[in-house]
Every structure is written in structure tokens, then in C-alpha cells.
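Among the features that TrEMBL reports, ATP binding site is placed at 156, 157, 158, 159, 160, 161, 162, 163. Summarising the annotation, TrEMBL assigns domain 'Myosin N-terminal SH3-like' to 8-57. Annotation source TrEMBL lists domain 'Myosin motor' at 62-633.
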Ligand SMILES: Nc1ncnc2c1ncn2[C@@H]1O[C@H](COP(=O)(O)OP(=O)(O)OP(=O)(O)O)[C@@H](O)[C@H]1O
């Protein structure tokens, strides 16, 4: 730990402030643990000694470009430094070899132009101002020089700028490894061009971000032996399926729904679409338009982007029919049937939407109705048909909509990957992981649980990697490092992956039977477990599967290939959670676990070189704070 600093009368310090987070001032009295401070906004505050931090009065007013240069690495010091730089439009700052980006919320084209790329090309790390290009440059050089694959992790909370940062990383890698004078579209162009398509179907407006990615993404750029890009692949994780059926004001559903409602009249007529306010899946929120975005224009732009990534006219037709069908099915309502626990289509309006759904999905309307309100059970003796009550029928309707949408999204990702093309002989690769940061809302459910679990895993990897490396360096330099201690989050992982009994990170709130709290590395989060089991189920209702497999449209039927008998039985037992975990293990993101391998058998390593002049515990603390605080929009 950094040597403790004595706080005495006359010390310049930081104290907590409800409005500004931290405010500086001067100590004028100390009574035991009570510190009395005159703050620079003219107030007097009394704070506990444990919450008073020394201020470096000699720190440069414009901040330092690497936080390891700060005399005091504590939360107010870090935040003050970032704020001072931000004032000067310096959005990037290093902490050792980690880059911290603060969202500028304005276009800064001069930061990313060709001239900038030329500057960073081959420059030693730290020689120029902190920049996202410098990180990509180090990853690329290390790959070329050591022949090793690398990965760059982009983390932060929603709206922090992860996706924008990922795009900049990709642009720079394309600049370094791209081919000039090649005929047709290059791999790197195709990767960049696939972004608008993925965003139309996987992004939505949230309270935090008008264009929030509702899925995690790992982009893998493959290189040949000359360091030229030879292929690429996009892997996606855990699309937020619940958004298809459920949104709250002032958020929106996925962009594609609004785009289609704003399509040219002949398309809207074809899909019987009009005002988005008429559709239940959209009108649960009062937000239909986005500032500065013209959905009609975006629809045409998406069509063009689809052309570019190789999605045929016929496939596009199928895609938008599926999107329209989802809107129509959301308007199908149910009333109680004559028999107990049964339901019927509520009225003529619902019947119209049911028929439209069937027409768009090219399936039989009666079969669709049955798939929504009945379940068939096959026993060795007989076939039993069970009816669903209106509540269960609504759940069945929403399940169908969510399944169809997530299959559509997966289809798009596959299509993009096929069209870009992978290089099975690539020598090495650079992966960029654009993944949701730690989440803590008023209401946290299964999605937050998976996301926070991922972040615990990444934090664990970071701990192991950095601490191990640091300790090796200290040993090499014969520094006595016995004082090194850090907050290990292995117990949180044990809690989630093994058992919760007696784990001190598990807290059971007294007043609720269905919630539980986990003390994560980044803070406590209380989860509502009510829908966990349902949300974790990862099988398609057999009736829905049969209905769509039988679609007369090859595109729709292709989203639901028939399952072999055995698989269909065993798939009932698979879960979203286990698939999510498997996805990470297979893509090699969870390194540190025995046997984790990169796609093509290459070991993955995160980019950190261990250049650090600060002590481990402070470093760790800073990282945790920075991830939590500095990425805030
Ligand atoms: N470097 C940047 N330059 C200019 N604008 C930026 C930059 N980074 C972020 N922004 C702005 O902030 C918005 C949100 O950024 P972005 O979508 O990348 O966040 P995110 O961290 O990926 O969020 P989410 O997790 O919700 O997807 C962008 O739409 C853009 O307007």
C-alpha cells in the first residue's frame, strides 16, 4: 500500500460532497476521528478520518496523462485528474497500460482521422498522448513480433462509449492490416459495414443510451503470416430477448420495428403496418422517435447495408416479414374459453392480427392459433391435448415472439460471418470484446445476474494476470513483495458456480422470499429471482417449433430446422445460463481456467505489459473505481 499520509491541521484534502462527489478544502480542526474542513465552495464540513483523502497540491492543473504518475491514487485523485483532462478535451488517459476513455458526447473527428492513424503507426506506447489507436497498435505489434494472438477488452457501463471505442479499434486495425488495391470489398470493409445491420436488430434506445447494444460482442480479426487481415468473425452473447415483448417508458424496442413502420408506403401496405402506436410491443412506451434520427431514412440505409453484406433481396423480404409478424402477433389477445382453463382469440381485431401473422410467416392460421392456446402431450398410451388459460396463452404468444426474434438475430450474425469469410489458416488474431459492464438497477433479474457474473470472471482474469505478472517482475528485480495483497473475488465466483451455503458474499434480505443479494466486487446487487427459472429456459416449445418448421417460406422454416428426436428431448434440459457460460469458454474469453482455448487452438492473452510504477493494492482499487465511476456518461 502507499505509505499512509498523516492528515493534520492545515492539510489539503478531499471530502465527499453530495453534489460534486468530492470537494477539496483545508483541515482546520481534528477531534479524534472527526476532521473539520473548510471547503473551496465556502462551506464547513465534518468528515470521518477514514473518508478524508490527501490532495496533491502540486499536481499539474491540466492533469497527468498516466494516472500512475499521480502522487495519490485514490478515488478523488483519479476523478479529479480525469475531469481536469476532460476540460481540455483530453478524453483518453492511461493507468499504466490500461486506457480510460471518457465519453465526449460530441464528434471529435480530428482525433480519429488518417493523420492521427499515421502518427500512432509504430509509435512506442506512451510516446504520444493516450489514445485508443495506441492500444490497438501495441496489440498488433506484439502479434507481429511475438506471433501471438491478442485480445482487447472494452468494458464500461451502458452509454460509456464501448461500441464507439470498438469501432475505432477496428478502423485502426483495418488501417494497419488492410490490403490496398485489392479488387472487390475487403474483409475489413465488410466487418465495418456489418455494424449498421447488427445495430438495427440488436440495438435500442434505453434511458442511458439512444443506441444501446443489447448484446455482447466479440469481433475476431484474423491475420496471415504477413500481418494482413485474412478473415474475421463476429460472435454475439446473450441478446436481451425480453425487450421484444416488454419495454418501459421512455425506452424503445429494437430499432428495426420502428424502421419498418416508417418504410415506404408500398412496403408498409405489404406488411399491413402503419403507425407504431398501434402495436402493443411498441406502445407500452411513449417513445417512438429518436432525436436526430429519421427512421424512414434508416430503413433505406439498412436495406443498402444488407445488400452490401450479401443479404439477398429474397432474404431481406423474409427478414422484414418476420419483423412485421412479431408486431402483429403482439396484438393478438385472448379471452376465457367455455371450458375451464381454456382461451379463445379475443375479438375480430385479434383475429385479424392472428391471420396477418400466419400470412407473414407463411404458416396455417389454425395451426398458429392452436400453437398459442393448446399444448399436446404424448404419452405411451395416448395423445392428450391440454388447453391454456388466457394468461398462459399470452405467455405462449410472447415466448413465440421472443424465440422467432432471437433466431432471426442469430441468423443475421451467421450470415454476416459467412459473407465476411473466415480464414481457417490464419496465423494469429486480435479479438475485441465489447461487453456490457457491471449492472445494478432498481430491479435486477436474470440478465443482470449473467452480465455481472461475466464481469466477475473478467475481473478475476484481470487480477490473476496483472498480479501474477507484477509479482514476477518484483521477483526478477529482487523486490520484497510480501506486502502485496489484493481483494480476490474468487469467493463470488465460488458462490455463483459452486454453492451459496455460508458464503459471506451471499445475503438473504429478511423481508423478501424471492430476492437475494450478492456482494459483488463492484458493490452489492439485489436480484429478484421470480422469473429466473423461466428466463433460463432455453428450449423452443415443441408446438412452436413444429409450426415454424412447416412454414412454406424457406427463410422462416430455415430459422427452425427440424431437431433430431434425441436432441429435441435433451434440449429441454439446456439453459440460457449454461449456454452463455459455454459461449465464453469456447471463445476463450475466460482465460485462467484450465483448458480454455481460443477458437483455433490458440491461447488468448489480454493486453497488459506490466509497466507499472505503483503498488498493487492501489492499482487494483483504482481499476475497480475507474471501471465503475469514470466510464459513467
Ligand atoms: N469517442 C467518442 N466520440 C464521440 N462520441 C462518442 C464517443 N464515445 C461515445 N460517444 C457517444 O456516446 C454514445 C454512446 O456510446 P456507445 O453506444 O458506444 O456506448 P456503449 O458503452 O456501447 O453503450 P451500451 O452498453 O448501452 O451499448 C454514442 O452513440 C456517441 O454519441
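The backbone N, Cα and C atoms fix where each Cβ goes, glycine too.
Listed in sequence order, the binding-site residues among 157, 160, 162 whose CB lies under 6 angstroms from an atom of ligand 1 come out as 160, 162. DSSP states for the domain 'Myosin N-terminal SH3-like' (8-57), grouped as helix (H, G, I), strand (E, B) and coil, give 3 helix, 30 strand, 17 coil. Spatially close to residue 162 (ATP binding site) yet at least six residues away along the chain are 154, 155, 156, 213, 434, 435, 437, judged by Cβ distances under 8 angstroms.
A simple Cβ count within 10 Å picks out one of the binding-site residues 156, 159, 161 as the most packed, and that one is 156.
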